[in-house]
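Per Swiss-Prot, the features are as follows:
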| type | residues | note |
| --- | --- | --- |
| BINDING | 15-22, 63-67, 125-128 | GTP binding site |
| LIPID | CYS205 | S-geranylgeranyl cysteine |
| LIPID | CYS207 | S-geranylgeranyl cysteine |
| MOD_RES | CYS207 | cysteine methyl ester |
Amino acid sequence: MASRRRKLLKIIILGDSGVGKTSLMNQFVNKKFSNQYKATIGADFLTKELQFEDRLFTLQIWDTAGQERFQSLGVAFYRGADCCVLTYDVNVMKSFESLNRWREEFLIQASPADPDNFPFVLLGNKIDVDGGSGRVVSEKKAKAWCMSKGNIPYFETSAKDGTNVEEAFQCIAKNAIQNEPEEETYLPDTIDMAGSTRPQSSSACEC
């Protein structure tokens, strides 16, 4: 079992298939990017340790397929999350329009104790594509959406060149830490359950 000084934080990344969820994870955790696209099957996760003030935290970052047939991963996947990261592609309007559906999906499945104040963070990814000339979702539009959802944090990112990825995940971690209950729990059951039930996955995604 983990030391009492170490806390597990479960982060869920949601968004349509192809928006770059896996690549954002890999850029943050491994500082790597692959141009080869392989869709995530089911769900997968990466971990990274962070220090905040005098405490150590392990971020367990979960990535989903983003496809309709995998949206039934269910309660075991969503429950126990400390922060939810909603992700879209700034060059694909449909991925932005899906954000409300993903947010509702999370709130229904995770059933947080205080849904009105549960921490979400929004990432607008792939700002590097074609030098930004192909984007169809403006920063203003994205920020207006965030404002309508309680002024949640927003970052424009590139998993390919790393723009704002570190900053975004530092914010995600901070929000997750602030959301943790006063009594520290290490969610050992969550780790075991995820490890024994999650589907096999293939994860190497374009940004």
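Along the chain as shown, the residues are counted starting at 1.
Using the three backbone atoms N, Cα and C, a Cβ is placed for every residue, glycine included.
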Worksheet entry | Secondary-structure category, per DSSP, in which LYS21 (GTP binding site) falls | helix
Response to the item:
Three-class DSSP assignment, GLY15 (GTP binding site), comes back as coil
Worksheet item: Of all the binding-site residues given, GLY15, GLY18, ILE127, which residue's CB has the most CB neighbours within 10 A?
Response: GLY15
Discussion item. I'd like the Cβ neighbour count for THR64 (GTP binding site), meaning other Cβ atoms within 10 Å of its Cβ, all protein chains included.
Written reply: 25
Discussion item. Validating a neighbour-count step here. Other CB atoms within 10 A of the CB of LYS21 (GTP binding site): how many?
Written reply: 28
